């Protein structure tokens, strides 16, 4: 689906109000429409004149470029499905043509079956340069029968090291599951099958960097990580099992495409507590009590002299 264009001369909230009001006019008489507020019509005209683009939907053919691996990145079914393969010569990866500043990004993935030890399959956002921002979902390969680990992390201004790793409560090699990144200036939510598993709040007020200004592309990759991925690098890739293949489908972006002035996206997808009601917070606590296998905020060896500032805050609020 091609991106749709709206105006950000005014706020996104005002655009939404104008558009929703216009839809409501369908049910009114001609005289009632003539009585419509000139403010609403003026706001709508500004919206329709916009140069800011919003992505709705997604297609692997039209929205992505092959990053590496050549035909190991295999796009199928008109761009709705894609597979990444890795052999001893190379892995593979793709990246979006556009850069985004805030939005929600969904990807359905089916991980490598059987013995995938040493492989890393990823879905993430990243900007460019040494002081880059990044929001990571990395699926660490495993020996057959071992639990599957999803490692999450984020970088801001080139600083990362905020890993939280989860055991998945299902077998991600048997079917496709939906993994999502929901990003706005106030918080980031990582979701699995629409269940939030991690929330990262903006703590810039206490000196913790947060990704708010650098537009990012969407990436999907499969690569050799056997120096660290499985049991700390003790288990290596069994190349007799190659090629390793992971499936991707139904990519969806509801996001602001960054233009020359990234500030035009600042109102998009906003809200510190958007998507975080009391029930969701309860689920988050349950997920963290049952499925977290590593949390940097509990790593007493790594932070023997004191935890980072954000670790002293309640991660579920």
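Just so you know, glycine gets a Cβ as well, placed from its N, Cα and C.
Going by TrEMBL, these are the annotated features:
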- 1-248: domain 'GH16' (DOMAIN)
- 134: active site, nucleophile (ACT_SITE)
- 138: active site, proton donor (ACT_SITE)
- 142: N-linked glycosylation site (CARBOHYD)
The domain 'GH16' (1-248) [mean pLDDT, rounded to integer]: 84
Under 8 Å by Cβ from the residue listed as 'active site, proton donor', counting only residues of that chain that are 6 or more apart: 120, 121, 122, 124, 150, 151, 152, 153
Residue 142 (N-linked glycosylation site) CB neighbourhood, other CB atoms within 10 A: 23
Pairwise CA distance, residue 142 (N-linked glycosylation site) versus residue 134 (active site, nucleophile), rounded so that it is a whole Å: 24
Packing count at residue 134 (active site, nucleophile) (other Cβ atoms within 10 Å of its Cβ): 18
